[in-house]
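> Have a look at the structure that comes next, please.
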Amino acid sequence: MSFRFGQHLIKPSVVFLKTELSFALVNRKPVVPGHVLVCPLRPVERFRDMSPEEVADLFQAAQRVGTVVEKHFQGTSLTFSMQDGPEAGQTVKHVHVHILPRKAGDFHRNDSIYDALEKHDREDKDSPALWRSEEEMAAEAAALRVYFQ
């Protein structure tokens, strides 16, 4: 069964957590090692359109996933980010939370991560040549999936 993520169909091999209302997947073009996404299962474009149950499930999943990726990728902190609407930088019309494990000195200016996320998400900069291989993404998802079994 594939997962819908906006205009994209996501293969189960890159999904490492599925809850009642959410799923988590590895990123095809991570900003930092361990940069992953958590999304509601229902394809909902804006945060305001989610039900209270979906919001609770999404953020409980994000908390669990954050704990795992911080540990697995030897981070010391986390950045959680959501762009909600086109003016906020949302390019995939499906609510999603970016979770990025952080380390001291990973960016010269700490807030530069937001510039990197903005560039990362721009469709005009999104070439398949920049994506990781399906095999690499599946291997990362398999390693993360172990934490949730």
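Here the Cβ of each residue, glycine as well, is placed from N, Cα and C on the backbone.
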> Tell me which of 9-13, 29-33, 94-98 corresponds to the motif 'Histidine triad motif' entry in Swiss-Prot.
94-98
> Can you give the largest Cα to Cα distance in Å, as a whole number, for the residues H8, N27, Q83, G89, Q90, T91, V92, H98 that bind substrate in the record?
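The widest Cα-Cα gap among those binding residues is 18 Å.
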